[in-house]
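Asker: Here you go, one structure.
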């Protein structure tokens, strides 16, 4: 009697004792199948980004890239304040040392789609033992890759500009594979165990705290629950936790010393919302439900596509359940199920009043619970589960059961491949609002020449001192698009300079009944805010700014000229009511006075010395993290961890070079495939309207509920 579980198809592949080397054509075909998810991810990235990959920078809410991105102690986490953009700004600055700033941004955005597609395709249990033929296994991987990169979660987070978090999302499949590999290793704990995990966490390490939180949510359960005995589970979980801790040090150390706090009253502002006709719960199951109405793609709330997306999501969950029940989930079935369930529960907590009260109480108890406010973030593991379920459904459609007639197997295989191709195309049909720069909402724009000049003036000054950015509002509506539409984005001046910028990090959210404000985390910003409210007069204003270490005041004229009354007093302080924004502050020098920007400089004797450099502890944290990354790459020989679950393979520079060649080839193939479909995106882009954007105003809100 066979030891195979009932219903499990017999293995298909070379005869016992045969190897892939004995069948060179089969081996080459297997390599092509392995390369397909890379190409699919790259092609999806080209289709999604479209005009955003042109010359210039793509700006959208939190997505800010600047010319000559700075790489300084401030971008590494110095200067105080919560390190929300650490180390992502430093990564962008480091890549910017080798490439122009706009090309560096485009490369990182493409990395999101390419790594996500490749990872999702690789964790599908589509080996020869699955019972499916080569074409069926390829179709399963392609369908899973497309689902993972083309869904509401990716679309909404991309429109919100959270590219750094999406890097962590792209790394989740690799984290799962590394966790399983660690749990199956002979010695999960110790230096080797940590080194085994570090490469898979690199995308999250580059993304920062939100990306690493997602990796912990996925990686820890996969490592612990993927082991066969308690001691091994503790060892694997310890290795994963140690790797996460080491790679989190660049943002964790400054965060613990920042004194930042989270606003518990803002829980309801960031709770999931219904962006489909099926309520908040149905939206979350469909991987939507983001709190910000401005981040919803076009045509997203149409009833028929929304119903189809929900049906596809539920079918994907059913496909996953089948994989787990048949023991085909590759060792991570229980762990990923636990991660997805936990993430969904966190998201659902924000939907109910008792859940929001509980979250507010936790945040009031300890600010470290602040990230739980954004519940939609935690459906990311569910997206990975559903993508694997889609791949499993394709494998089921392709599988030739033990009782099937041999003559019927090819026809069933062909039918399964057609199912896979249909499932691969379905996300594009059901979510057209992501096509070609999110239907024209994401485009590349050029910075006006004044911005380059002011950047050079400030960065060329060796004297210490901070930059105060006015008007006192975080988000701007920039008139830089060729079609006249405004680009709503976090003020680029906050990231333009090598020195620290002081800006209003409060978040303004339009609730329909008025604008509510979630208090920011920067203590220096709160002092400036109180200073504006007190209206101390020009002389005391300059003195107070100097006490904060502020040397420059940057005023963006286009935003300031539209203000009046109380808004002007709050946003400009003593500069309100002065058409030139400079004569009100006697003794302040004018460094640049242009049509768009005004740069003022405080006298030297007013500027108090401040140290915005890295502390010894923060510098040590970077030393440990970078050392761990270099050491792990030297041992593993590549940037990502294999899906195999045995002892670590011996590979070195040659193997790493092959990985690089595969990635470059995949990007080229993906670009070629996407070029044939570009005309579809061009048509969509010409039909866009600005109805999804906020009205033209000087002080833009961060979101709309």
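Cβ coordinates come from backbone N, Cα and C, glycine included.
According to TrEMBL, the compositional bias 'Pro residues' annotation covers 1-13. The feature region 'Disordered' is assigned by TrEMBL to 1-20. Summarising the annotation, TrEMBL assigns transmembrane segment to 35-61, 163-184, 204-226, 233-253, 304-324, 331-351, 378-403, 415-439, 619-642, 663-685.
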Asker: I'm a bit unsure how to read this: which one of 35-61, 233-253, 331-351 has the highest number of Cβ pairs shorter than 8 Å with the transmembrane segment (415-439)?
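Answerer: Per the Cβ count, the answer is 35-61.
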Asker: How about long-range neighbours of the transmembrane segment (331-351): same chain, 6 or more residues beyond its ends, C-beta under 8 Å?
Answerer: 123, 176-177, 179-180, 183-184, 217-218, 221-226, 267-268, 270-272, 280-281, 284-285, 289, 320, 323-324, 358-359, 372-373, 375-382, 384-385, 388, 645
Asker: Hey, would you say the transmembrane segment (204-226) packs against the transmembrane segment (378-403), going by three or more CB pairs under 8 A that are 6+ residues apart?
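Answerer: In contact, yes.
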Asker: Can you work out which residues elsewhere in the same chain, 6+ from the ends of the transmembrane segment (378-403), have a Cβ less than 8 Å from its Cβ atoms?
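Answerer: Same-chain contacts beyond the ends: 7, 9-10, 12, 120-121, 123-126, 130-133, 135-137, 139-141, 143-145, 147-148, 151, 153-154, 169, 172-173, 176, 214, 217-218, 284-285, 287, 289, 312-313, 315-323, 328-329, 336-337, 339-340, 342-344, 346-347, 409, 412-413, 415-417, 419-420, 423.
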